[in-house]
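K.L.:
Below are the structure tokens for one structure; questions will follow.
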Amino acid sequence: MAPGKNGQGLPTLVWFSLALLVTWLILPLLPLAVWSVSRSWYFPDLLPSAYSARAWTYVFSPTSDILPALGRTALIALGATFLSALVGLPAGRALGLYQFRGKAIVELLILAPTIVPGIAVALGLHVVFLKLGLAGTAGGVVIVHLIPTLPYMVLVMAGIFSNYNPDAEAQARSLGAGYFQTFYYVTLPAILPGLLIGSLFAFLVSWSQYILTLLIGSGRVVTLPLLLFNFASAGRNDITGAISIIYILPGILLLFLGARHLTGRNRTLENLKQI
Amino acid sequence: MPRYPLIKSVLPHVIAVVIAAISMIFAQTAISAEKAYKNWDDVVSAAEGGTVNWFMWGGADNINSYVSDFVGSELKKRYGITLNRIGINDTAEAVNLVLGEKQAGNHENGSVDLIWINGGNFRSMKQGELLYCGYQNLLPNNRQVNWQDQSIANDFGLAVDGCEVPWNRAQFAFAYDSARTKNPPQSIPELIDWVKAHPGEFTYPAATDFNGSVFIRHVFYHAAGGVDALLGEFDQQKFDAVAPKAWAILNEMEPYLWREGKTYPNAIANLAQLFANREVALYFDYDPAIFGINVENGIFPESTRSYGLKDGTIGNTNYVAIPYNSPNKAAAMVTANFLLSFDAQFEKAKASIWGAAPAIDVSRLSDAQQAQFAGLPRNPAVVAPEALAKNALPELHPAWIDAIEKGWQENVAK
């Protein structure tokens with residue numbers, strides 16, 4: 001077998017899967033873009049019979065509250081991501097590195113929020129949050145978003161730590177690095193790809209919360225999904241399309257920003273030299 | 001020690017009595033605070049600088065704009081009130097919010113000040129004692145409301161009892177594309193024949209949808225030989241006598257429906273899409289203003305026309321209500337009063353704004369104001385409210401509606 005043939009076969013496959021991925025990801029979004037500028041679009045026409053900028057005018061008007069909601073949603077998602085990293089990193093480390101009694105039950109409990117429907121939990125939680133004075137506040141919404149985001153963060157981190165060798169930390173410590181230096185130069189580079197993936201999941205899960213935000217936020221914390229669902233359920237495809245495009249932008253942005261860092265493995269040894 | 005058990009058994013009772021007494025004092029002050037408004041001026045001065053969190057269905061940009069832009073800026077200008085419109089998907093979400101607050105003991109500082117409401121949600125709130133009641137006589141614009149009209153004094157068969165303030169009226173109507181359909185059916189019996197003659201061109205949303213449910217009720221009224229037998233409290237015997245006939249009619253229609261009735265649209269928005277796509281020939285809605293809005297929005301063709309039925313269509317009133325734990329009751333009352341004003345009712349009656357039928361009795365207005373209402377241009381797609389009102393049918397008690405919806409699921413949808 002000629003080595004060139006092998007080299008040719010792989011790119012074809014890569015190109016094919018890339019094309020498939022693009023079709024899968026981008027193509028369903030096209031109608032949204034067309035809807036957002038359409039005025040009337042009837043089946044079975046391939047294109048709208050009339051166009052209008054009305055949906056975008058509404059989206060950018062102060063009445064719609066879309067742009068402030070975009071900022072609010074982003075801050076809440078960032079807050080929820082940060083907090084779940086803070087909690088999820090040590091939890092993932094414990095689950096990935098150590099064996100202990102009842103580990104299976106802990107793992108099951110962490111997974112539970114992804115299995116139990118949100119609405120069932122939300123109504124009970126609302127009462128608790130009201131008593132704590134957290135209902136109707138952005139802080140309360142950030143905290144309640146930890147319920148769906150934490151499982152993703154903890155499980156990704158547990159996976160990363162199960163392939164992690166803590167001996168490198170011991171090496172660094174023996175060379176005189178402090179706790180913080182060890183974490184920053186040794187642990188963090190090794191787990192960074194996982195941390196980014198976990199954060200990406202956490203951000204997107206928080207970004208798409210509806211019922212938890214509505215109930216715990218008492219309607220006072222208005223995020224993009226709340227506004228989007230209003231119009232989606234009312235059949236306003238033009239405004240739904242326009243909001244949807246704004247809604248998916250941060251996800252795409254994060255994916256591209258994160259993608260560069262996702263392959264950052266084997267930098268641990270390099271960083272060891274810096275100590 | 002005989003004294004210890006005595007103290008042990010008495011002490012909890014003492015504590016309970018003290019707690020009950022304290023809570024009664026608080027309850028007393030709460031009631032007297034609400035009665036503190038001697039007259040309208042008291043309310044207006046208490047309302048100044050207040051904020052009203054108004055929870056309402058947020059799926060129509062024109063209604064959102066009317067509320068945020070017109071009502072919001074007028075309230076700010078006239079009374080210094082900040083209106084905060086909170087769009088929700090389903091009114092039940094706001095009801096659950098107030099219910100949760102009550103369970104948590106948040107009786108004074110609720111998050112909802114005003115809800116756009118009627119029907120089953122009003123029943124839930126009234127029966128759960130979640131509403132602030134008895135203030136309507138304070139509102140100056142209340143005299144423009146005809147409370148003698150049973151369709152205003154009763155919300156889906158349940159007495160309003162001063163627990164909500166009317167905002168709009170709506171009456172069910174059919175719409176069709178006059179360019180495509182020449183003779184749409186004019187009554188429920190005609191519709192039944194028409195559906196059989198035009199297979200695949202009609203369908204209705206499932207009973208879980210508000211509009212699907214009201215369509216089914218029209219068939220139910222027809223099966224009962226008129227609505228009179230069905231009014232009042234739910235009666236299982238009457239229901240059992242009528243229901244099999246109604247299910248038989250709907251089941252007979254089923255094979256002639258869109259997709260042979262194998263599936264029903266799950267929401268009115270889907271029926272609107274089917275009508276817009278020319279897959280079905282008829283559309284209907286509880287609020288005829290929507291026909292004009294959909295034409296304006298380019299969803300329905302310009303040749304859309306609408307009409308009521310010869311045997312009548314069901315009408316309702318929708319209201320705004322103030323939860324019992326609203327911290328801004330005065331500002332909410334001022335808002336409710338402003339919504340009843342000529343200015344607010346006239347503005348939303350304009351076809352370009354919303355086209356909603358007024359909840360006030362136009363004949364109680366000044367001659368000049370009446371002339372303004374009479375001179376309103378109407379979207380040709382929207383049937384004249386006066387023409388519809390000639391054959392108006394009342395709504396049923398929510399218990400009847402629940403039974404019909406459940407029966408449809410069990411006997412027709414299966």
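Note that Cβ sites are derived from N, Cα and C of the backbone, with glycine treated the same way.
Quick paste from TrEMBL:
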- A:12-37: transmembrane segment (TRANSMEM)
- A:69-92: transmembrane segment (TRANSMEM)
- A:70-258: domain 'ABC transmembrane type-1' (DOMAIN)
- A:104-129: transmembrane segment (TRANSMEM)
- A:141-161: transmembrane segment (TRANSMEM)
- A:182-204: transmembrane segment (TRANSMEM)
- A:210-232: transmembrane segment (TRANSMEM)
- A:239-259: transmembrane segment (TRANSMEM)
K.L.:
Please give the sequence-distant neighbours of the transmembrane segment (A:210-232): residues at least 6 beyond its ends with Cβ less than 8 Å from one of its Cβ atoms.
P.N.:
64-66, 69-70, 72-73, 76, 118-119, 122-123, 125-126, 129, 134-138, 140-141, 144-145, 147-148, 239-240, 243-244, 246-247
K.L.:
Establish whether the number of Cβ pairs under 8 Å between the transmembrane segment (A:141-161) and the transmembrane segment (A:239-259) reaches at least three, counting only pairs separated by 6 or more residues.
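P.N.:
No, these stretches are not in contact.
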K.L.:
Of the listed stretches A:12-37, A:69-92, A:104-129, A:239-259, which one has the most C-beta pairs under 8 A with the transmembrane segment (A:182-204)?
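P.N.:
When the Cβ pairs under 8 Å are tallied, A:69-92 comes out ahead.
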